[in-house]
Amino acid sequence: MVVVPALSAAAVSVGGLLFKASAASKAATAAGVAAVGASKLGLGIAAAIKLTTAVVGVGKLTILPFLIAAIAYYNYDLFDPENRPFNVQQVELAYDFIIIGGGSAGTVLASRLSEVPHWKILLLEAGGQETEISDVPLLSLYLHKSKMDWKYRTQPQSTACQAMKDKRCCWTRGKVIGGSSVLNTMLYIRGNRRDFDQWAAFGNPGWSYEEILPYFRKSEDQRNPYLARNKRYHGTGGLWTVQDSPYNTPIGPAFLQAGEEMGYDIVDVNGAQQTGFGFYQFNMRRGSRSSTAKSFLRPARLRPNLHVALFSHVTKVLTDPHTKRATGVQFIRDGRLQNVYATREVVMAAGAIGSPHLMMLSGIGHGEELGRVGIPVVQHLPGVGQNLQDHIAVGGIAFLIDYPISIVMKRMVNINTALRYAITEDGPLTSSIGLEAVAFINTKYANASDDWPDMNFMMTSASVMSDGGSQVKTAHGLTDEFYQEVFGEVNNRDVFGIFPMMLRPKSRGYIKLASKNPLRYPLLYHNYLTHPDDVNVLREGVKSAIAVGETQAMKRFGARFWSKPLPNCKHLTLFTDEYWNCFIRQYTMTIYHMSGTAKMGPPSDPWAVVDPQLRVYGVPGLRVIDASIMPTITNGNIHAPVVMIAEKGADLIKQLWLTPSTKPTDQQWRTKRSLPVAGNETLAQTVRQWPLPSS
């Protein structure tokens, strides 16, 4: 490919006369920006640098202080702390609605419910505010294992994650306002129409594709004018920005050419057809992360009826001992155990781990499981914590190339790219860890005549070795021995990677209580690859990923698969089915799509936890609105579906409380509680007898 060398130069250049300066002038520019920034913003920048380095760790990126100063100087409107949601100093006695969890769903709910001016809303979040570095797309993996991460780890199991420390998968979950939308890779994938039609077929009216499609459009602000013309599938003017990546390498278009070579169409994967190849779209705005906190909560921050309480760890949902009605919430803040009451509803939006964990702590779950740890049963619901689903992929499928055009961290993160990011809002720092193209394909186990693919490729202009064995290895929890043996000799080499992700797993995990101590983490059992069909589909996905690297489109870069045998699979012949079956159990990657642990279903489903209105069976006044309610996981990244669930959930609440109804169940729910006689009932006991959280 004749143009590759020229493209390479363009790709590694930071462009513009400013960035062609000598090393001395670059240093002077850096010092000038830092000085002017410090003069203009004073202690604000110093505080931001101190906070961010505390969050992500000192010494991981030496560019951090300069990057923060540059962002603050050139984008003061984004840096301004006044743009962030106010952290209410004192929680009041009671609110109409209490939302537990300020993550992807909770922030949407808080925004939408506070649109009703006579409703008082309280949003409780265990973490704090976002930081300047959490905005930078390329640095998202540096937030894993930080103070913004709950740092969950699964229990050791022999079926997967064999290359991880203690054979335990790392389940990153956001502990920050905005939740995992602050830590994820911002991919905007809605899923497949058959996912939602199946939900409806399970006995969940109102959840078919045609019925939920308006909620995807409602939140969307599509910035690609070609896609925005398609009004059936896309919306404009919503609160949540969806756009193409500001930065691509020459590898991105080559992925699409490879797809065409393999017989696939180039498609809008969020449109009429999912099967095919396309460029990723991202929840970004002006080159920065567009978290749900930024998109939904910040525009509502001045509403007097919305209170946001940060660093508030909920420990229990309070219920009436006679009616079982949810009456309020118990939470820890500033070292005190406090109660707050809901006169209408308590809404759980703590995610697929937090919501079932909190329900069980509150006496809602399987009676035997609750009795095992000494928690009195409020409502026997055996489905709580069951039906755990996740998307898994295979890591380490990398292809060496001959041109310096990929994302190599030590080449891409420097003063020049920091300035380009801060001033022009583009450049390598706007790349979401190299994710450029997406593919939805059929393995031999899928029905190719049906547009419901069973395999997803996440195609990147980087791979696990692109940062020299620092943060990617840490985020994924790989052992040093495994990494050094397999990837050590190709550290910081130019590569591209393909991560095959199985879309509809049949294996199901579960969550159990470790104890009744609310600060003790639950026990997480992933059960990955325990169903033989999952092994077969993922193995075939790996083989198809290897085939992408063999196309002429990729061979033009000199692509060659890095085929170093994995330590536990050396006794098997390379590239046989037996070898791949072993391979996929070593570097098993969660894609952090935990879901299904409080499934939605009809009353006839013994494992259903919530009804189609997302109301918890047997506990009036309590809803769950997050990824927990998915009966089955959607075909692709689940962040956009979670926001859709929150949008629809907010409307379900409004319909109940703002629309006259004669349904007995509605009347039971619409009874507004009177306030407690006493004050805020700050509990006398402290939480010192509870040990700190452990994984």
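Easy rule for this one: first residue shown is 1, then count along the chain.
Heads up, the Cβ atoms here are built off N, Cα and C, so glycines get one too.
Copied over from TrEMBL:
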type	residues	note
BINDING	VAL176, VAL314	FAD binding site
DOMAIN	174-197	domain 'Glucose-methanol-choline oxidoreductase N-terminal'
DOMAIN	351-365	domain 'Glucose-methanol-choline oxidoreductase N-terminal'
TRANSMEM	54-76	transmembrane segment
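Note on the domain 'Glucose-methanol-choline oxidoreductase N-terminal' (174-197): DSSP counts are 9 helix, 3 strand, 12 coil. Cβ environment of VAL314 (FAD binding site): ILE100, GLY101, LEU124, ALA126, VAL329, GLN330, PHE331, ALA350, LEU358 lie under 8 Å away, each six or more residues apart in the same chain. In this view, VAL176 (FAD binding site) is surrounded by 29 other Cβ atoms within 10 Å of its Cβ, with every protein chain counted. DSSP places the residues of the domain 'Glucose-methanol-choline oxidoreductase N-terminal' (351-365) in helix, strand and coil in these numbers: 11 helix, 2 strand, 2 coil.
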